[in-house]
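Take a look at the structure set out below.
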Amino acid sequence: MPGSDTALTVDRTYSYPGRHHRCKSRVERHDMNTLSLPLNIRRGGSDTNLNFDVPDGILDFHKVKLTADSLKQKILKVTEQIKIEQTSRDGNVAEYLKLVNNADKQQAGRIKQVFEKKNQKSAHSIAQLQKKLEQYHRKLREIEQNGASRSSKDISKDHLKDIHRSLKDAHVKSRTAPHCMESSKSGMPGVSLTPPVFVFNKSREFANLIRNKFGSADNIAHLKNSLEEFRPEASARAYGGSATIVNKPKYGSDDECSSGTSGSADSNGNQSFGAGGASTLDSQGKLAVILEELREIKDTQAQLAEDIEALKVQFKREYGFISQTLQEERYRYERLEDQLHDLTDLHQHETANLKQELASIEEKVAYQAYERSRDIQEALESCQTRISKLELHQQEQQALQTDTVNAKVLLGRCINVILAFMTVILVCVSTIAKFVSPMMKSRCHILGTFFAVTLLAIFCKNWDHILCAIERMIIPR
């Protein structure tokens with residue numbers, strides 16, 4: 001049957017996923033992001049024709065959606081540009097810090113001037129991009145608010161247009177039904193003027209609605225006449241390619257219309273509409289179910305696309321934040337590493353300087369001790385020479401004065417005692433010199449020694465007073 005063939009053709013067209021994907025891509029290239037569903041089906045000749053009639057409200061909705069999508073794309077682009085500018089600014093800051101750490105004062109001043117110019121340029125560009133971003137956000141909010149206010153008005157307009165279109169189709173059906181019967185009886189091949197089933201279903205539904213509202217279905221003719229006066233050229237639209245529609249008297253009521261449709265037949269050799277209505281109704285029901293499923297799939301796909309875009313935006317935002325944080329941590333780590341290297345170098349230099357100073361002090365102390373020991377040795381040698389001279393002199397005196405043995409013996413003993421005393425004195429002097437020599441290294445040591453001796457003298461002089469004071473402090477009254 002032609003009706004079933006039409007339903008199967010539409011079913012195959014919408015059920016084949018590859019073709020549906022290609023059709024969707026073509027529609028997206030022509031700025032139509034949604035699948036427009038057929039609102040009226042007309043048949044003529046040997047081909048099946050689909051009449052795609054898109055309401056103005058849907059087109060306005062698509063325009064608003066396309067404008068909002070373009071604004072969202074611009075917002076994403078501007079956001080990426082802002083992130084790029086911020087990363088370049090951070091890179092300039094890191095490079096400036098590295099160059100300043102390794103540069104002189106003059107070079108640091110020049111580098112600072114260049115960095116300030118770059119920083120001002122990047123700040124200006126970021127400010128401009130932020131202004132653009134705010135403008136795009138404001139436009140997007142305005143478009144969303146305007147689209148929400150228009151949608152309630154467009155819904156009522158679409159309902160009125162659907163009612164007018166269904167009544168007009170019912171009027172055309174009632175005028176072309178007798179002609180369909182004649183063509184089926186004459187058996188003209190290649191021409192099929194059978195209107196779609198859902199036209200009759202729609203006309204009956206609206207007839208029932210109007211009957212419930214106005215009390216009778218006879219007022220449909222008046223509504224049809226008003227619609228014909230509103231758009232008279234739509235009623236004279238032909239269904240076949242070479243067939244001519246002859247205007248016939250209208251049916252007076254819904255019963256006549258139903259009887260006319262039940263008696264009509266196709267020109268392709270099919271039975272009457274009443275006989276093949278079941279298969280056509282099944283095909284049309286399947287088509288409606290498939291179209292409803294396609295709508296649900298389309299809505300689900302749109303929701304998934306929005307969720308994916310939201311996830312992409314969130315992922316990009318989080319990725320930019322994490323990358324910026326990692327970059328800041330890397331720059332901080334590099335700065336800390338440079339500071340650590342500088343501190344280690346400074347400590348190494350300080351330890352080297354301390355080692356050099358300790359070595360020089362040790363050399364000085366060793367040299368001074370050597371000089372002092374040599375001086376003491378020379379003094380002892382001089383004393384020994386003097387003692388030897390005195391002994392020689394004593395021997396000479398003993399040889400000369402043999403008479404005065406006792407006197408010489410006494411004199412020798414005295415001299416020995418004196419020499420021993422002198423030796424003790426020299427040893428004491430050398431020992432005192434060894435203890436005093438560290439106190440006489442510098443002026444500070446000399447002053448400290450002088451003050452210590454002075455305090456000791458004062459302490460010895462006032463020893464009685466000190467003892468009295470101690471007794472007063474210890475013994476209570």
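Including glycine, each Cβ sits where the backbone N, Cα and C put it.
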Between 168-188, 336-356, 378-398, I'd like to know which one Swiss-Prot lists as region 'Disordered'.
168-188
Can you work out the mean pLDDT of the predicted model over the coiled coil (282-398)?
90
Let me spell it out: take the coiled coil (112-153), skip the flanking residues so only those 6+ beyond its ends count, and list any with a Cβ under 8 Å from a Cβ in it.
57, 60-61, 64-65, 67-68, 71-72, 74-75, 78-79, 81-82, 85-86, 88-89, 92-93, 96, 100
